[in-house]
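Participant: Dumping the structure here so I can ask a few things about it.
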Amino acid sequence: MLMQDPKPVFKRILLKLSGEVLMGEGEYGIDTAVLARIAGEVQQLRQINVEVGMVIGGGNLFRGAGLAKAGMDRVTADHMGMLATVMNSLAMQDTLERIGVFTRVMSAVRVNQVCEDYIRRRAVRHLEKGRVVIFAAGTGNPFFTTDSAASLRAIEINAEVMLKATKVDGIYSADPFKDPEAVRYERLTYDEALARKLGVMDATAIVMCRENDIPLKVFNINHHGDLVRVVCGENVGTTVVRE
Ligand code: UDP
């Protein structure tokens with residue numbers, strides 16, 4: 001259900017979902033109930049006219065570094081990781097379209113029988129027409145992460161904010177699942193987030209946000225309604241900014 005008369009403070013956002021979020025309580029793969037719930041929240045953003053770009057990770061299926069550890073060639077492993085993000089993106093597209101939200105998947109590697117190639121100007125046009133654009137296959141290059149892809153696409157589409165959806169309520173001084181003393185930060189600078197090596201996002205992604213002055217908000221996607229709350233400027237999660 002929508003909050004009472006929600007007013008967005010951003011017109012265009014980039015939402016980063018990790019593959020892990022899609023697993024729900026499982027240890028692998030996609031929980032369709034989780035997909036449906038998140039799609040419902042994205043639909044609410046469209047109902048208040050927020051333009052939504054999304055980047056979805058692939059860690060619920062394959063991670064290049066993990067496969068490489070088991071002996072696989074790293075570049076091949078990263079190709080598998082990128083293709084995993086395409087599968088997740090198609091799953092999210094299907095879920096969104098079943099509830100009437102027009103969506104395009106645009107891939108950084110060519111798989112153009114299943115989705116569009118990523119072309120920046122076309123992506124912006126889709127957003128202007130109110131379509132949710134899901135950017136698949138990360139940056140298209142091995143040795144990068146989908147966090148970096150999210151920063152890159154956020155900058156390219158002129159998103160006003162990058163929202164990183166996680167399983168914790170924001171950035172903590174330590175891992176809150178392991179350390180009961182961990183405290184949540186409401187606000188941090190990019191440099192603090194980098195210096196404290198908080199592990200919430202890779203350094204490349206944070207540096208790209210810093211260099212392009214894109215605020216980053218980290219919040220818990222498992223808290224129902226927090227996505228809309230963040231977009232409406234409520235004090236949810238952790239904000240990472242210049243000052
Ligand atoms: N990947 C890549 N280049 C990119 C983005 C992703 O090679 O630009 C690969 C990499 O192997 C990574 C996998 O895709 O492990 C899945 O992405 P990520 O680990 O970022 O997913 P998440 O942790 O968000 O689920």
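Just so it is clear, glycine is given a Cβ too, placed from its N, Cα and C backbone atoms.
Since this is a predicted model, take the numbers as computed values, not measurements.
Sharing the feature lines straight out of TrEMBL:
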- Lys16, Leu17, Ser18, Gly19, Gly59, Arg63, Thr166, Tyr172, Asp175: ATP binding site (BINDING)
- Gly58, Asp78, Thr139, Gly140, Asn141, Pro142, Phe143, Phe144, Thr145, Thr146: UMP binding site (BINDING)
- 11-220: domain 'Aspartate/glutamate/uridylate kinase' (DOMAIN)
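I'd like these features described in context: how deep, what's nearby, how far apart.
Facilitator: DSSP gives Asp175 (ATP binding site) a coil state; it is part of no helix or strand.
The DSSP secondary structure for Phe143 (UMP binding site) is coil. Sequence-distant contacts of Phe143 (UMP binding site), defined by Cβ-Cβ distance under 8 angstroms and a gap of at least six in the same chain, are Gly64, Arg74, Asp78.
Taken together, the residues of the domain 'Aspartate/glutamate/uridylate kinase' (11-220) have an average pLDDT of 96.
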Participant: Determine the Cβ neighbour count for Thr139 (UMP binding site): the number of other Cβ atoms within 10 Å of its Cβ.
Facilitator: 22
Participant: Rounded to the nearest angstrom, how far is the Cα of Thr166 (ATP binding site) from the Cα of Asn141 (UMP binding site)?
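Facilitator: So the alpha carbons of Asn141 (UMP binding site) and Thr166 (ATP binding site) sit roughly 24 Å from each other.
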Participant: Given a 10 Å Cβ-Cβ cut-off, pick out the one of the binding-site residues Gly58, Gly59 that has the most other Cβ atoms nearby.
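Facilitator: Highest number of other Cβ atoms within 10 Å: Gly58.
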Participant: Other residues with Cβ within 8 Å of the Cβ centroid of Gly58, Asp78, Thr139, Gly140, Asn141, Pro142, Phe143, Phe144, Thr145, Thr146 at the UMP site?
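Facilitator: Near the UMP site, beyond Gly58, Asp78, Thr139, Gly140, Asn141, Pro142, Phe143, Phe144, Thr145, Thr146, sit Gly64, Gly81, Met82, Gly138, Ser148, Ala149.
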